[in-house]
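S.K.: Structure incoming, see below.
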Amino acid sequence: MLTLASKLKRDEGVKTGRPPGGPSDSSHRVSIRDRLLIKEVAELEANLPSTCKASFPDENQLHHFQLAVSPDEGYYQSGTFHFEIDVPEAYNMVPPKVKCQTRIWHPNIAETGEICLSLLREHSIDGTGWAPTRTLKDLLNFDDPLNIDAAEHHLRDKEDFRNKVQDYIKHYAR
């Protein structure tokens, strides 16, 4: 699956006129992001729970991928939710951009798809934001509030909240 590593070697060989694996040409540079992603994507895939599946529209562009999440318990258990992840060129100094492509009623996700994870913030007062020491695997933590209406709804009436979640799943997440 990880074809970017072989592509990097192949591209290096084409550019330098040398076969892959030969001495490298110092004028050919591969971004830090792409070098990190080769390892991190493999680590992410190895640690994904069985309820998640990562897919890469272009296996040579590991910086853009989708994640499908199909919870097997809890309020969201019968739905499948799609997320788009874009890893910027300045990664690992800045966080990936993550957006939910499935309309959902969730305290941490706006109905327009924005996700509130302190981890995804470049700067946070409490120190829980993005740091160069974080990896894609850290995105598997989804405990952070955003949709105030959904959060208050959950606190006010859990059964009605569950009904609204199921209604959203029926209309948007199948």
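Each position is counted from 1, following the chain as shown.
Using the three backbone atoms N, Cα and C, a Cβ is placed for every residue, glycine included.
These came from TrEMBL, pasted as-is:
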type     : residues : note
ACT_SITE : C116     : active site, glycyl thioester intermediate
DOMAIN   : 32-174   : domain 'UBC core'
REGION   : 1-30     : region 'Disordered'
S.K.: Please report the number of other Cβ atoms within 10 Å of the Cβ of the residue listed as 'active site, glycyl thioester intermediate'.
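M.R.: There are 17 such Cβ atoms around the residue listed as 'active site, glycyl thioester intermediate'.
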S.K.: Note the mean pLDDT of the domain 'UBC core' (32-174), expressed as a whole number.
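M.R.: That region's mean pLDDT is 87.
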